[in-house]
Amino acid sequence: MLLVLALIGTCMVIGDGVLTPAISVFSAVSGLELSMSKEHHKYVELPVACFILVCLFALQHYGTHRVGFLFAPIVVTWLLCISSIGVYNIIHWNPHVYQALSPYYMYKFLKKTQRGGWMSLGGILLCITGSEAMFADLGHFSQSSIKIAFTSVVYPSLILAYMGQAAYLSKHHIIESNYQIGFYVSVPERLRWPVLAIAILAAVVGSQAIITGTFSIIKQCSALGCFPRVKIIHTSSKMHGQIYIPEINWILMLLCLAVTIGFRDTKRLGNASGLAVITVMLVTTCLMSLVIVLCWNQSIFLAICFILFFGAIEALYFSASLIKFREGAWVPIVLSFVFMVVMYVWHYGTLKKYEFDVQNKVSINWLLNLGPSLGIVRVRGIGLVHTELVSGIPAIFSHFVTNLPAFHQVLVFLCIKSVPVPYVQPEERFLVGRIGPKEYRIYRCIVRYGYHDIQKDDVEFEKDLVCSIAELIRSETMEPNGRVEDLQKEDEKMTVVGTSSAHAEGVQICEEDEDFTDIAGSSELKEIQSPVYPRKRVRFVLPESPRLDLGARAELQELMEAREAGMAFILGHSYVKAKRQSSLIKRLVINFGYDFLRRNSRGPTYASSIPHVSTLEVGMVYLV
């Protein structure tokens, strides 16, 4: 139930990312109706709105930071504009409208209008749209800046604007034209064109905020295994929260255009947007009550009071919005249902796949019981087994050696991880450890990349990887110093080792076309060379101190020979299938739904950088 509740709120935020740009831009452009004849207006309003929306989504890949310097002036100008017009209308039409701030008039209104007043609450929601996503994008602003800006600038400006409209309408109960009562009707005629231009710019800025917030929440869902893998581009090297997702951007654009062209009416767009907003607020209130108890360790009584007070108000608005289902409110329900099915199917399939991996993960004891030869033929070369596990041995390896009892003399379990920082320092790139005794020649290597790091080509990567293993072998003969950090991971000692360029005083590697004298250059360095002459000649350059024992030298010698023989990349490819005795729904979800999403989502980031010539893909069926 908790997962479903969280997914409903998330899907409504995504639906909000479709509806907010549509209604913001369309309502801003609707001011053209008062500035031109009705015959011309109906041919201008929709194309202009669609053109602005296409431009908005087409410019997303440049990133917010490139145009962000324009956002603050536009928003401040807009707030000053509406507050000034509000003050003018208050003074000019009805100075006593300030009395409407009293909650007594709200009670009086609902008591007098009863059902009609309750149904009007769905339209009142448009006054507070945007507040539900206020903290959705903390990549641009801190919590304190948002609180200060809202309480000191945004809220007073909105109150003055709405009071000004109320003052105008109190003296104009009957509008002579056919124009629907809205914002522009209360704007003085001389200012309508400038206000229209500012409104369109403000709508673009507001739409940008919710689009970026949608990107952020989808990124978080993808990281939690609740959304198919998508390509995430970080548009700023300074702020982690500024991202761009191409697939989601174009899907949002198409849906946004479809809604705008389909409705062509701010009233129905408002009903749809209102339901999405109030659903997000209601779900947030329910989840917030759990946060109060479980995370803040407050009393249950406080959480109950919180959910009763805010939940009762939001439930009133929610029911008023839901009653307008046939007048546009069905759109966010349909959108959220489609997204929720996709997210739930992906989460369910990912969870079952992970459970299979954990249950079938090979223990270290199984490997140790096989002996140094692993019970198979060890051939020359280095075998890299790609895995997402940072501990244990993946089931794909046991599947491989069971069906093909031969493997390389040096075995490396390679795990590539992306970390939420722009750059990983070269001296912290590799996390290297040993699996089993030394004579097994089995290592684990975790490679860490920041989201702005450029992954090296395969030749440079292979050299750095081999050099990091050689540095591990050398470091085991001396006490860890300040540069080497030991981490314990399920009885495996992992050592932080940098790239070969990051530790010039450590082990260096020379291959066929390199000038050895450039690296050696000192009589204090000594050379270990392979006694045989295969295709690729590899040499390690070691510092004079500390002196290596015979065991370490033999291990380095074997590593050199393996590197000369070549390196093979073993990629696991899993096919998830439901067991025959599974229910019909489970078979549909796993065999068709999850399989379709897996085939059409992004693969692992490292797969595209691996040389195809030396890649071996091992397929395995997961029966869940």
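Backbone N, Cα and C define each Cβ position, glycine as well.
Going by TrEMBL, these are the annotated features:
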| type | residues | note |
| --- | --- | --- |
| DOMAIN | 2-368 | domain 'K+ potassium transporter integral membrane' |
| DOMAIN | 381-622 | domain 'K+ potassium transporter C-terminal' |
| TRANSMEM | 6-32 | transmembrane segment |
| TRANSMEM | 44-63 | transmembrane segment |
| TRANSMEM | 69-91 | transmembrane segment |
| TRANSMEM | 116-136 | transmembrane segment |
| TRANSMEM | 148-170 | transmembrane segment |
| TRANSMEM | 191-211 | transmembrane segment |
| TRANSMEM | 243-263 | transmembrane segment |
| TRANSMEM | 275-294 | transmembrane segment |
| TRANSMEM | 300-318 | transmembrane segment |
| TRANSMEM | 330-349 | transmembrane segment |
Any contact, the transmembrane segment (116-136) to the transmembrane segment (243-263), with at least 3 Cβ pairs under 8 A: no
Same-chain residues at least 6 beyond the ends of the transmembrane segment (44-63) whose Cβ lies under 8 Å from its Cβ atoms: 21-22, 25-26, 29-30, 32-33, 36, 200, 203-204, 207-208, 211, 233, 235-236, 242, 244, 246, 249-250, 252-253, 256-257, 260-261, 264
When counting Cβ pairs under 8 Å to the transmembrane segment (6-32), the leader among 69-91, 191-211, 243-263, 330-349: 191-211
Stretch with greatest number of CB pairs under 8 Å, the transmembrane segment (148-170) reference, 69-91, 191-211, 243-263, 330-349 candidates: 69-91
